[in-house]
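Novice: I am attaching a structure below and will ask some questions about it afterwards.
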Amino acid sequence: MDSIIVKGGKKLSGSVEIEGSKNAVLPVLTASLLAEEGVSRLHNVPDLSDVGTLAALLRHLGAEVEMEEGTVSVDASAELSCDAPFDLVSRMRASMLVMGPLLARYGYCNVAMPGGCAIGSRPVEQHIKGLEKMGTTFRTVDGSFEGHVDGRLKGAKIHLDFPSVGATQNLIMAASLAEGTTELENAAQEPEIEDLANYINEMGGNVKGAGTAHIKIEGVESLKGVDHTVIPDRIEAGTFMIAGAITRSEITLKNVVPEHLSALISKLEEIGVRIEATGDGVKVIPAENLKPIRVKTMPHPGFPTDMQSQMMALLTTINGTSVITETIFENRFMHVNEFRKMDADIEVEENHAFIKGGGKLTGGRVKATDLRAAAALILAGLVAEGYTEVTELNHLDRGYVDFHGKLQKLGADIERTDEQHTKSVITSK
Ligand SMILES: CC(=O)N[C@H]1[C@@H](OP(=O)(O)OP(=O)(O)OC[C@H]2O[C@@H](n3ccc(=O)[nH]c3=O)[C@H](O)[C@@H]2O)O[C@H](CO)[C@@H](O)[C@@H]1O
Ligand SMILES: C=C(OP(=O)(O)O)C(=O)O
């Protein structure tokens, strides 16, 4: 079985380059289906299995997709198929994002229901309700959403019950080729939404207000493929900030936008970890003694749920009791059992985790329960006594490029049993 083995106790030093953002490139790739002419060349694309999975889906739909050294080209000018089957959609929930572009372009889609995943049930009614308001009629057939539009999608005023990232993205894409104006209220404000809007505007679209809770989209007649550079991955950056903090080491991160990480940086500073801006990145400077905190995950600009397990790893090393409250996903504490196997003292009551930190972590064999838990367990392994073996690396490969290699370069004592595998995880043609 593939695993990463880390021996705890080494300090880190040096610098690490942050990749392009997984959560930005996935919606941007689906938006490339909106272009009836031209080729989109997307730069700063990370070599991740999720990108490979989405590329496979775009190819299945009839787009031409090429990948070379961080650039993915998508030509969606051919007549596309509108059927996204279960075997592709179920591999990755972001596949649902083909719905908006297909309905906008063809007035039809047949997209398998993605189902829940380890971190929660993850319903999609906000996507469906918004698209219905724009004139789509849905029925469910054999476990798929079949959507029909009479003519073209129509602009609408849509108030989201919750600022869902995926629903906001699907609706922006649908509205970009709809007739008239769409206004989204209580929209998600993540930097990845802004990146998607920038890409659509570069293609000839008209999206205003992305990055705020109120987004206004004027539909246009057509969009063209263009070049676009994906923003840096704020979650990978945050994960490496914690790598510096947990090992009490000064390290430098390159290709980071600190404004995208303000909630995490503010919590790290409260703990006693200084984050200093340096040209195109940041320096992580932990104090000698760190302090426990209370932290609650929230939609952006709040503290990101995707940093919750890595923060938990750090808090297990800090004297005193810290409290984490998870408000985004109903089942995102599965890593607690794995941390306990490493002798962490953590109690969970409903959506609160109480972490009594400062005790000794002990290495052992632990299982990655989701993508961020994979990284968090490796971070804990950096400071645990003895060897920690982390299995189920398929989760890690969804969202981190060469994670163990980057830690190795920073000085960690870490290796991966299937070294070859990490060369490229993108599915080839
Ligand atoms: C590829 C990608 O960008 N994934 C990110 C995206 O996921 P994703 O877009 O799936 O996250 P959402 O913001 O939609 O979901 C957040 C919460 O809202 C619920 N919900 C969502 C839609 C809906 O129609 N009904 C509903 O109840 C979900 O079950 C979840 O509990 O944002 C999450 C929240 O920041 C991140 O953890 C994921 O890394
Ligand atoms: C939950 C995540 O991703 P996804 O929405 O793709 O499952 C994540 O990136 O941590």
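Each residue, glycine too, has its Cβ placed from N, Cα and C.
When I checked TrEMBL for this same protein, it listed these features:
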type	residues	note
DOMAIN	6-407	domain 'Enolpyruvate transferase'
BINDING	Lys22, Asn23	phosphoenolpyruvate binding site
BINDING	Arg93, Arg122, Pro123, Val124, Glu125, Gln126, Asp306, Ile328	UDP-N-acetyl-alpha-D-glucosamine binding site
MOD_RES	Cys117	2-(S-cysteinyl)pyruvic acid O-phosphothioketal
ACT_SITE	Cys117	active site, proton donor
Novice: Where the distance is taken from Cα to Cα, which of the recorded positions Lys22, Asn23, Cys117 turns out closest to Ile328 (UDP-N-acetyl-alpha-D-glucosamine binding site)?
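Specialist: When the Cα distances are compared, Cys117 comes out closest.
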Novice: Where's the emptiest Cβ shell within 10 Å among the binding-site residues Arg122, Asp306?
Specialist: Arg122
Novice: Please report the Cα separation of the residue listed as '2-(S-cysteinyl)pyruvic acid O-phosphothioketal' and Lys22 (phosphoenolpyruvate binding site) in Å, rounded to an integer.
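Specialist: On Cα coordinates alone, these residues lie 18 Å apart.
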Novice: Return only the integer: C-alpha distance in Å from Gln126 (UDP-N-acetyl-alpha-D-glucosamine binding site) to Lys22 (phosphoenolpyruvate binding site).
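Specialist: Spelling it out, the Cα of Gln126 (UDP-N-acetyl-alpha-D-glucosamine binding site) and the Cα of Lys22 (phosphoenolpyruvate binding site) are 22 Å apart.
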Novice: Report the binding-site residues (Arg122, Pro123, Val124, Glu125, Gln126, Asp306) that meet this criterion: Cβ distance to the nearest atom of ligand 2 under 6 Å. Use sequence order and write none if nothing qualifies.
Specialist: Asp306
Novice: Taking ligand 1 as the reference and 6 angstroms as the Cβ limit (strictly under), which recorded positions among Lys22, Asn23, Cys117, Gln126 are close?
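Specialist: From Lys22, Asn23, Cys117, Gln126, counting a Cβ under 6 Å from ligand 1 as near, the near ones are Asn23, Gln126.
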Novice: Measuring CB to CB from Val124 (UDP-N-acetyl-alpha-D-glucosamine binding site), give everything in the same chain under 8 Å that is also at least six residues away in sequence.
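Specialist: Those within reach of Val124 (UDP-N-acetyl-alpha-D-glucosamine binding site), by Cβ under 8 Å and sequence separation of 6 or more, are Met96, Met113, Pro114, Gly166, Ala167.
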Novice: Between Asn23 (phosphoenolpyruvate binding site) and Glu125 (UDP-N-acetyl-alpha-D-glucosamine binding site), what is the CA-CA distance rounded to a whole number of Å?
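Specialist: So the alpha carbons of Asn23 (phosphoenolpyruvate binding site) and Glu125 (UDP-N-acetyl-alpha-D-glucosamine binding site) sit roughly 20 Å from each other.
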Novice: Measure the Cβ-based neighbour count of Ile328 (UDP-N-acetyl-alpha-D-glucosamine binding site), defined as the other Cβ atoms within 10 Å of its Cβ.
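Specialist: For Ile328 (UDP-N-acetyl-alpha-D-glucosamine binding site), the 10 Å Cβ neighbour count is 20.
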Novice: Could you state, as a whole number of Å, the largest distance between Cα atoms of any two of Arg93, Arg122, Pro123, Val124, Glu125, Gln126, Asp306, Ile328, the listed UDP-N-acetyl-alpha-D-glucosamine binders?
Specialist: 22
Novice: Between Lys22 (phosphoenolpyruvate binding site) and Asp306 (UDP-N-acetyl-alpha-D-glucosamine binding site), what C-alpha distance do you get in Å?
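Specialist: Cα-Cα, rounded: 12 Å.
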Novice: Based on Cβ atoms within 10 Å, give me the single least packed residue among the binding-site residues Asn23, Gln126.
Specialist: Gln126
Novice: Out of Lys22, Cys117, which of these recorded positions shows the lowest number of other CB atoms within 10 Å of its CB?
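Specialist: Ranked by other Cβ atoms within 10 Å, the recorded positions Lys22, Cys117 bottom out at Cys117.
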Novice: Do you know the mean pLDDT across the domain 'Enolpyruvate transferase' (6-407)?
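Specialist: Mean pLDDT across the domain 'Enolpyruvate transferase' (6-407) comes out at 97.
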Novice: Among the binding-site residues Arg93, Pro123, Glu125, point out the residue whose Cβ has the most other Cβ atoms within 10 Å, with all shown protein chains included in the count.
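Specialist: Most Cβ neighbours within 10 Å: Arg93.
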